[in-house]
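Worksheet: one structure, shown below.
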Amino acid sequence: MRQLLLTLSLISVSASDATVKCDDLDPNQYLCKNYAVDTITQQSVTCAADNSIQVMCETAEHIKCVGKDQFGIFNRTVPSACHYGAHVSYTTTVLLSIFLGFFGIDRIYLGYYALGLIKMFSLGGLFVFWLVDIILISLQLLGPADGTAYAMAYYGPKAQMIRFDSHTNFSFYTCDGCL
């Protein structure tokens, strides 16, 4: 009886694994290799216009899925992994905001020409808008006017929005019993 149950479970597992697409596997069932980074743009070499990249991933030996080759390797598309149209330097923007922000040069550099002129003729909004812009730019809440991201070093200080989906694991930690 025990062998029959074991055989049935193995048959059902192997039959169901073969119909699963490799892109639909759980993150703990495959390992993706590091991708090449372009030294000029500080982005992935495979960065596409929709901000996704292609990475090569290898499944565990016992995983069967549709889309992998005989070596167990498949290409996976990772969404929102790069910034394709980034052309405004984050470092330059911060330095312009600190040293020339009261003249509105930072806003003009980002593409906000009208606000830059207002800051220029009001000396940074009597230095209030200047301080606000330093904070907004350093926290990356104020970006380029065309909607692209900042061009910054690959391991630079990137701030990104946290998005939750069906693959996100999060826990709540409390201090019950800490004392």
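Think of each number as a place in line: the chain as shown, counted from 1.
Positions of Cβ are set from backbone N, Cα and C atoms, glycine also.
Copied over from Swiss-Prot, here are the features:
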DOMAIN    88-135  domain 'TM2'
CARBOHYD  Asn75  N-linked glycosylation site
CARBOHYD  Asn169  N-linked glycosylation site
SIGNAL    1-18  signal peptide
TOPO_DOM  19-82  topological domain 'Extracellular'
TOPO_DOM  106-109  topological domain 'Cytoplasmic'
TOPO_DOM  133-179  topological domain 'Extracellular'
TRANSMEM  83-105  transmembrane segment
TRANSMEM  110-132  transmembrane segment
Cβ neighbours within the same chain of Asn75 (N-linked glycosylation site) - under 8 Å, at least six residues apart: Gln54, Val55, Met56, Cys57
Composition by DSSP (helix, strand, coil) of residues within the domain 'TM2' (88-135): 41 helix, 2 strand, 5 coil
Close approaches to the topological domain 'Cytoplasmic' (106-109) from elsewhere in its chain (Cβ under 8 angstroms; 6 or more beyond its ends): 88, 92-93, 96-97, 100, 115-117, 119, 133, 137
